[in-house]
């Protein structure tokens, strides 16, 4: 056998549903890489003969390999911060009250409109580095802090550039319908027209987005407006997803599922009809425990119903300056378990296999199987549950991305 690298003295949490063991585990395992792909994986005792003198061999010291982590929902490119709003919330103001008084998303919009691409790139690079240190190898980045053509395109260009200059893969999402800008305060339909007829065509022309998202909520866009944007995006050949049922139940998840959305995100107020719709369409349910925690919410997503109907649950950071300024995917694993009562295995699946499905890249990454991209992390842990159980100990030792070793 001729391989580019071989990993031994490891255990592997493949996260493959085809292996009955928890985490799809293979103990005392080995893994071989060739041309950026996993060429062989299995028990070490079954490892075929290969040229040990010509092949780099990496010893994992009985640690665990997992798929590279995938953060499938972030707003990572932004300027400014909203620490003052944090203080207001602790004094009793609600997220909705702050938004209705010109704070919230709009304050970040103003900062992003003033920032240039170089500033946004450097801020984004620092945040991407922080996630990468925790084993994240793929990140989704949304726009939505421009709310005008120039700034929305600027944010998406920066996100694309980050993907070109960093080992972390970046998937971009156009979220022009994130909030109603002040200049359209009294005519939100006209702003929706702008998103559909002017912003979206330019985003497509520059190939700046892999998907389109909308914030469907009483303080943002109505169900009818949301459907218009998602339908236009779908007709243009883009994937669609939705911020839905975070503060109330408008039926956005059902509508998005019928349109074939990859995911619906937040979903604290999702009901059983909505869960059924997700199950029937194969749409993922993205849980955002950081926002749930930071906003001190009490309405939990319907975890038991999602289990009952076998809806793939995704766990993501929702990293943003207002409702989840928490740039840590490992912290999200812990919060998903402690706050939302996921099992550690469900949480890890939510940042690997299911997160890949939510981004439409499940044929490439998210599980460790022969033929998949060699995209994995080595952790200094004795069981995969430690990734959710403990936090802050720096247990990610090495990362391999596209078959290339990325030194920590």
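Numbering starts at 1 and runs along the chain as displayed.
Glycine too: its Cβ is placed from the backbone N, Cα and C atoms.
Worth saying up front: this structure is predicted, and the values here are computed from it rather than measured.
When the candidates 318, 375 are compared with the Fe(3+) site entry in Swiss-Prot, which names 73, 75, 243, the shared residue is 318. Site annotation (Swiss-Prot, ligand N-formimidoyl-L-glutamate) includes 320, 322; from 23, 58, 145, the additional listed residue is 145. The 4-imidazolone-5-propanoate site recorded in Swiss-Prot includes 82, 145, 178, 246, and the single candidate from 16, 317, 323 that the record places there is 323. Cα distances from residue 73 (Zn(2+) binding site) to the binding-site residues 145, 320, 323 are smallest for 320. Spatial neighbours are here defined as Cα atoms within 10 angstroms of one another, and by that definition residue 82 (4-imidazolone-5-propanoate binding site) has no neighbours among the binding-site residues 75, 243, 318. Residue 322 (N-formimidoyl-L-glutamate binding site): 25 other CB atoms within 10 A of its CB, across all protein chains.
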